[in-house]
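Q: Please see the structure below; I have some questions.
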Number of protein chains: 2
Amino acid sequence: MPKMLPLTPATGEMRRPRAVRFALSLLFGITLLAGAPALQAEDGYQLWLRYAAPGAASATASPGISQLVAIADSPVQKATQHELQRGLQALSGAAPVGAKTVTRAGGLLVGTPASSPQIARLGLDLDGLGREGYRIRSAVVDGHATTVVAANEDVGALYGAFHVLRLLQTGQPLRDLDIHETPRIAVRVLNHWDNLDRYVERGYAGQSIWDWHRLPGWLDPRYTDYARANASIGINGTVLNNVNANAEVLTPMYLDKVAAIAGMLRPYGMKVYLSARFSAPMEIGGLATADPLDAGVQRWWKTKADEVYALNPDFGGFLVKANSEGQPGPQDYGRSHADGANMLADAVAPHGGIVMWRAFVYSDEEPVDRAKQAYNEFVPLDGTFRDNVLVQVKNGAIDFQPREPFHPLFGAMPKTPLMMEFQITKEYLGFSTHLAYKAPLYEEVLDADTEVQGPGSTVARVIDGSLDGHALTGIAGVANIGSDRNWSGSHFDQANWYAFGRLAWNPDLASRDIAAEWTRMTFSNDPAVVEPVVGMMMASREAVVDYTGALGLHHVMGRGHHYGPGPWVEGGPRADWTSVYFHRADANGIGFDRTRRGSDAVSQYAPPVAEIFDDVARTPEEFLLWFHHVPWNHPMRSGRPLWDELVLRYDRGVGTVRDMRATWAGLDGRIDAERHAQVAAFLAIQQDEAQWWRDASIAYFQSISGLPLPAGVAPPPHPLGYYKALEFPHAPGDTQ
Amino acid sequence: MPKMLPLTPATGEMRRPRAVRFALSLLFGITLLAGAPALQAEDGYQLWLRYAAPGAASATASPGISQLVAIADSPVQKATQHELQRGLQALSGAAPVGAKTVTRAGGLLVGTPASSPQIARLGLDLDGLGREGYRIRSAVVDGHATTVVAANEDVGALYGAFHVLRLLQTGQPLRDLDIHETPRIAVRVLNHWDNLDRYVERGYAGQSIWDWHRLPGWLDPRYTDYARANASIGINGTVLNNVNANAEVLTPMYLDKVAAIAGMLRPYGMKVYLSARFSAPMEIGGLATADPLDAGVQRWWKTKADEVYALNPDFGGFLVKANSEGQPGPQDYGRSHADGANMLADAVAPHGGIVMWRAFVYSDEEPVDRAKQAYNEFVPLDGTFRDNVLVQVKNGAIDFQPREPFHPLFGAMPKTPLMMEFQITKEYLGFSTHLAYKAPLYEEVLDADTEVQGPGSTVARVIDGSLDGHALTGIAGVANIGSDRNWSGSHFDQANWYAFGRLAWNPDLASRDIAAEWTRMTFSNDPAVVEPVVGMMMASREAVVDYTGALGLHHVMGRGHHYGPGPWVEGGPRADWTSVYFHRADANGIGFDRTRRGSDAVSQYAPPVAEIFDDVARTPEEFLLWFHHVPWNHPMRSGRPLWDELVLRYDRGVGTVRDMRATWAGLDGRIDAERHAQVAAFLAIQQDEAQWWRDASIAYFQSISGLPLPAGVAPPPHPLGYYKALEFPHAPGDTQ
């Protein structure tokens, strides 16, 4: 099972053996950069849509588009044409020549058979592309060599246009093209954990971009740029408000504002969704109950859905967090999650809407390993949900840790379409200050093999519907977007938004290739930039795992804010909100025994997987302490005892950050000064804080293990009490 | 006494009869704009420091600087040189030629006798300019015609450099100059009501610009731009945190962050101050009391001051809100405000620091007219404060209303330097969405004549120290600055920051001239822009007065958020937090009787003023309902009864906004599209909301007066209950 659980070395050498569209070697081959281009001030606002000329290679790689043929009648067509004009002008330095039909060689023809007679006459096979897919073909149109972007629907052509712009931005020639692209997953959405007062829960990039106070009177042009960025990576929907929802968003005043946003996103193929508070019928509807089996409640939701759709005919549907962390839900009335979800599903079904029902539930009353509870709750409900319900499952069973084994629900509910929930914002990976490229995490989970139908039953195949034959499929990313000028709080966190979108479109893309693609568009096509930056990115997530707690440690962060180390956290309202509950370190050893002799969480996996996780000898070391409580001297594959290995991992993590910092310093002059300086400052902060994590964690665990540090390892500079006494007030993003 | 209380007509025709430096007619005379210049995208970030070439007039007005001679050894000198290079390059399109000495005609020589032998040799009279003043002189230097900026200290030269750049930006020629400038007020500071979690109380421009989480590791270049903007208008200090203070800002972790900010502001002549929580010795010092007469408390503050100054040698001092609206203070221990202020003053005195002690106090227990309480509390303390204490007084006795009579404390504490506190942020004037230029409000208060030493004893002369011979003088503006790209939430609110700074430097400047100056630098020198924009600005504040409640009405806004109308607000924790307490409308009449027969607040003014305010016939109609309870049919100067006049004022306010909107629409094409569109959208919101204020207020007051509307006046479209039921959740800036 090596592919299921890749052992990601800190050097960042992780490559999936698959055909890749953007082979790095090819890119390096054609990008013959004579010298660094003139660097302009950049504040990051343009994201990966800078449309900077790809250096000296441009003469070869993008010889200019002789004419642009893109009909612009519908709003989506207008958006497509506008983006192509903007991109081609910026890339070539001159506005593209527009034309109604192809009349010379070297043109770009974009559209659908319906919008373009020339495309219709080409007779391209567009079957199987669906509504959102597209073909890009080097073809001869009325005698002229032409690059054709063809799709069945306007939105497909829009996505194809962004693909062409990506080729140009990454310095690839528009010749001999025959690309077919169609998204593997139907619903590709962001989840904004944004409150109506613009506070963003677990947000580290300023306030919510939704300026509710001034909506709908003020339609910030930034909403259009947001839609452009999302469309460029294939994201086709967004949930505007926090899953810890406020019912007020469903009042007429807010629905007007929601409709105004939807109107700005619609030309870019994006639907708007809302998080629905389950008790809304009581809070804003004046009902005495929110019981999903109550006829009045059902009527209220149907009427509310009618109202929503009257304002917003292509409204996507509702996302619901119910009976979880204090949120109201159907269990308040003795009903099941399926009862709740189905009631809402019935309300939106006549309008084509869906319900995304979160499976992130755990009860304080249940004295069961928190990792097991969602499975226990939901598996019995398999087959009882309406057709327009997706159950949204976090990638792991605890909560967006730097590394978790895949959630046991994946593969365990074959009759129900399960939707992936990834976190793009970095609640547990250093907020937006630390550089941590998360695509390797996403990739690791998507590639994980559930084995429920034998080898190859990957998580990706569960969520893309191919394993169980679901047509309705989905993936969600908890957004890291805010009002900060650079959108994500840091320049490198833009890559996590980008990578989420690319993987949502095609879960088989390789994280390294995505990193290279993003780096080229965001910073430079100069190989002297791309290679080291991709190296940093690919090493970065493993560095966070190392310096925050490797080998399967989890939930060892400071209480509440989740920023710094807190392996000593104990007490408080709930055992499973403490660190000691999860690491269970004592004088003899460390780790959570989830084997059959322990909490038996392993048995929630398919037998071949369960057997491995149950066996301390076969469990990948990355998950050792997740599944096993082992003695401090447990022998590791390195030949070192566990204690020594753990300590060395902390040091390795700090070392990787030190290396990243040095690499980045070496790029001075090749990156514009403004972005270079900010990244450099953030890496310095990250190095200090990685050291803090390392020192505090070693000080704590040594106080438990009583063991000496391995030879040559520096002791923490302060006693444990110092680290425990550190306070971190006013950290951003904490739950209000 | 017409000058004391100018009756500001809504047409915006307000001109003070004084010598003005930037006469509008002159500017129009020399700006012969042949055509509109090419318009670039502008997002407002550059504020009034865009350094856009002043159109075709530039050929005449700014012929280019042949060489720039500005030594850059010290940090302040470097900042000066850098700003001149940046400005001259942007204005002329070419980098200025730097030189060590003047060697040809047409140069700009900037410095001090100490930094420049050529300036020293000129022998200019710099006496009386003090540390911050400067001269700008057209002179012959070593045989070459030169523009000389000379000062005693580097910071004076910095201010002079900004003055030169302002001349160039506004299209004025650098010839025959002999300008002497020196600030009239010593301490010119912003007050940021910014919390440590970046929430800004009464802030409508995003989050706090202080990114505490990442400080001191990340020094946002925006802090430098903030300092540049402030230095350009002469603001020389800033209080970083909310007067509703958190003691944590005085902990070592935060003091490091504070010192990092101070380091970035210092080259621009700005000192950093902090709001001190009076109970800090208990909250972070572990003491059992914060009694200012306790030796341990005194010692704690002295030690804390030593710690602050060790990190930040030119720290400005402390601002304190004590025993006000729930804040702790010396009265908790039976001590006076002077006891509290003097203890802190003694702590910072050895370091040259000051204490700014706010006089905004009112007690719930005191059954006295709230308008009278600060006077009652503070006047008996006159003469008991240490020399390094300023008492900071809001412009009016209630709270930053659209119009208030000047605070009766001004002139009533001759032995104590009183500092003015203006609000730049628009808590009561439509947040940052409504266009309301506040300089006429500032001007009205500064010009108001206290008559305490006979006619001419203006508020300006109280706070500039000239009336009572104080050397330590101060003025504070509650900042409207946030993380929004355009700093102030709207483009026009930048003008309030600008105007505050200009009036802090010279309280005699005319608001209209400041508006013209700002408009030229911010939008355009095109007279077809300047004239209508200045007209809009000058009419705007009176429009707000009209549509929110004219003729002396005050505190009639919605509870808590202070955004929309709420003349019906009653009940709650305190009578003097309600509207009915202040307007006292009943079937017979309306207004707060503050005459000798009423609360006798009038007697807090000097006798000549008190006599006027006590006399309903002589009280200016702008303040009629502030001082008098009068019948609904009280005859107004217009010949109309009060009720009719009040209703017509509401309509006039809405009409002015309608006119502003039309004027702005007419500027389409003369303002860059991005800023034009936002202002247009905001004006549309303002018109809707002005109508809402008007309709709701008339509906309410008509329900009290029972009178018919004047002929031709449209009735409110909804019944009163509709307006009372409107909710305004999640309005920004409300007290947390």
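Please read every residue number as a count from 1 along the shown chain.
Yeah, the Cβs are placed from backbone N, Cα and C, and that goes for glycine too.
Heads up, here are the entries from TrEMBL:
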DOMAIN    A:47-163  domain 'Alpha glucuronidase N-terminal'
DOMAIN    A:168-487  domain 'Glycosyl hydrolase family 67 catalytic'
ACT_SITE  A:Glu325  active site, proton donor
ACT_SITE  A:Asp399  active site, proton acceptor
ACT_SITE  A:Glu427  active site, proton acceptor
DOMAIN    A:489-712  domain 'Glycosyl hydrolase family 67 C-terminal'
Q: According to DSSP, folded down to helix, strand and coil, what is A:Asp399 (active site, proton acceptor)?
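A: Going by the DSSP assignment, A:Asp399 (active site, proton acceptor) belongs to neither helix nor strand, so it counts as coil.
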Q: Tell me, roughly as an integer, the mean pLDDT over the domain 'Glycosyl hydrolase family 67 C-terminal' (A:489-712).
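A: That region's mean pLDDT is 97.
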Q: Taking only same-chain residues 6+ apart in sequence, whose CB is under 8 Å from that of the residue listed as 'active site, proton donor', what do you get?
A: A:Asn244
Q: Long-range same-chain neighbours of A:Glu427 (active site, proton acceptor), Cβ under 8 Å, sequence gap at least 6?
A: A:Arg202, A:Phe400, A:His562, A:Gly733
Q: Tell me the residue counts in helix, strand and coil for the domain 'Alpha glucuronidase N-terminal' (A:47-163), as DSSP assigns them.
A: 41 helix, 24 strand, 52 coil
Q: Which residues of the same chain, at least 6 positions away in sequence, have a Cβ lying under 8 Å from the Cβ of A:Asp399 (active site, proton acceptor)?
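A: For A:Asp399 (active site, proton acceptor), the qualifying residues are A:Phe360, A:Tyr428, A:His555.
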